[in-house]
Amino acid sequence: MKVLRVRTYIPGFDEILYGGIPERNIVLISGGPGTGKSILGKQFLYNGLVKKDEPGIFVALEEHPVSVIRSFKHFGWDITKYEKEGKFAIVDAFTAGIGSTAQKEKYVVKDVDNVGELSGVLRDAIRNLNAKRVVIDSVSTLYLSKPAMARSIVMQLKRVIAGLGCTAMFISQVSAGERGFGGPGVEHAVDGIVRLDLDEYEGQLYRSVIVWKMRDSKISMVRHPMDITDEGIVIQWDKYLRITNVKAEIQPLPQKEIEEMKKAVEESEEEKESIQEAEIEEE
């Protein structure tokens, strides 16, 4: 059975996912400070708007809506035009509706500790926009003071988002040097886990990404070098990073594996296009 996938169009990311994220999957993007988690999520939303005209929603739990828009623009991603067209929305779960700027937001969560309220506001936003992509930044904020509730909170949000046909990234914070994913039981509740890391070796920092799991999908089983450029994240999907006690090295993947990844991305795009053509004919 063919798995329908959502292309991220993040350079190198679809390749290491063998075609993209399976539709309706909830993917945990985990990592320490400065690893590029939020950038990855915003790039996922922006690419959906530009490449596929897919409406998206950003749930802001740690940034003021003004800061969110500014951070998009930092990479040349102007989402204000899509916001005006009703194709992009920010769910403000940061300001609690306080302040003149916050009062202009259409989707506001006044009590962030009330996951039921957040789910309701998010449900309304998804339905109104007919959204296809959602990013929550960061989901770990919701259970910092109640870690025992982490899994149930994630499951509640997952039911709403996947139930309405969306594919999502949940940004999850971990401490620098910590190798977990952020929140007990969360890794079992989500469909996919992607870990971003920033490692130091002999005074030099190395960025990398590794896919720990992805339901209904083959994945690359190695750690890939990654860069944050002026245009966003770029993953060196055809190379792997290896850091030991004695050296750090970047080596090319076997050619067979490179060809398999390229083919998977091409087939994913062809499958999506054929389905869209069939839907147009039915209309």
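Every residue, even glycine, has its Cβ placed from backbone N, Cα and C.
According to Swiss-Prot, the domain 'KaiC' annotation covers 4-249. Per-residue pLDDT, averaged along the domain 'KaiC' (4-249), amounts to 94 for this model.
Among the features that Swiss-Prot reports, ATP binding site is placed at GLY31, GLY32, PRO33, GLY34, THR35, GLY36, LYS37, SER38. DSSP assigns GLY36 (ATP binding site) to coil in the three-state reduction, outside any helix or strand.
The region 'Disordered' feature in Swiss-Prot is assigned to 261-283.
What Swiss-Prot lists as compositional bias 'Acidic residues' is 267-283.
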For the binding-site residues PRO33, GLY36, the largest set of other C-beta atoms within 10 Å encircles the C-beta of GLY36
Where GLY31 (ATP binding site) falls in three-state DSSP terms: strand
Might you list, by sequence position, any residue in that chain lying six or more from THR35 (ATP binding site) with a Cβ less than 8 Å away from its Cβ? LEU196, ASP197, LEU198, ARG207
